[in-house]
Amino acid sequence: MKALRIPEATVTRLSIYSRFLERLEQRGITTVSSSEIAKGVGVSPAQVRKDLAYFGEFGTRGVGYNVKDLIHYILKILGLTRPWNVILVGAGNLGTALCTYRGFIDRGFNIVGVFDNDLTKIGKRIHDLEVLPLERMPEVIEQHDVKIAIIAVPLGSVQDIADQLVGHSLKALLTFGPVVVDVPGDVVVRNVDLAVKLEILTFNLVFKELHSII
């Protein structure tokens, strides 16, 4: 039987739904409709129902969804009913900012090690973590059962660091900038390029003008 392929956009929206639902729960709201979720996150009610339908039947027709239960189901789908230990490679400006980003902790991602090969950075502390040399990665990965790594190094070093992390049996990597990393098929890599996000914004700013010309 062929495995069901879940669109990545659906997974992204599930994360957005969960945050919206958590805000409702904080306000004491116990039941919500697909229309209310859709309005709150900027999609159609049909899209909400379709995204949830990939994973089963949720809610009651004419009543809606139990907010607490739906939060639990979505967090379970996203693998967020347990904490995840993460290491960060690169203690420069980006790495420092990521290490102190509260949003990771709030979603259950705990940075347990920060690494760099720059002798001027090794030994310094970022928040409550000491910057360690790359040679210490295997030790920390094993000690904390790390599955995920964030790579925040110069573009020319990303592939080398990715190779080292894969060699240490990590299967999930997050990278930054315009770089394509070559990894084995069983390793998941996701890239964040902030310049691309800005280009999407500029496209939307000029789209109406371009459309009128075309």
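Quick reminder: no glycine exception, Cβ is built from N, Cα and C everywhere.
Quick caveat, the model's predicted, so the values are computed rather than measured.
For the DNA-binding region (16-55), the list of distant contacts is 4, 6, 10, 63-68, 70-71, 73-75, 77-78, 80: same-chain residues at least six beyond its ends, Cβ to Cβ under 8 Å. Summarising the annotation, Swiss-Prot assigns DNA-binding region to 16-55.
According to its DSSP assignment, Ala91 (NAD(+) binding site) is coil. Under the heading NAD(+) binding site, Swiss-Prot lists Gly90, Ala91, Gly92, Asn93, Leu94, Gly95, citing sequence analysis as support.
In this view, the densest Cβ surroundings among the binding-site residues Gly92, Gly95 belong to Gly95, judged by other Cβ atoms lying within 10 Å. Around Asn93 (NAD(+) binding site), taking its Cβ as the centre, 9 other Cβ atoms fall within 10 Å, counting all chains. In terms of DSSP helix, strand and coil, the DNA-binding region (16-55) has 28 helix, 2 strand, 10 coil. Counting Cβ atoms from all protein chains shown, Ala91 (NAD(+) binding site) has 24 others lying within 10 Å of its own Cβ.
Annotated NAD(+) site Gly90, Ala91, Gly92, Asn93, Leu94, Gly95; additional same-chain residues within 8 Å of its Cβ mean position, judged by their own Cβ, are Thr96, Ala97, Leu98, Asp116, Ala152, Val153. Annotation: Gly90 carries the greatest number of neighbouring Cβ atoms among the binding-site residues Gly90, Leu94 [cut-off 10 Å, Cβ to Cβ].
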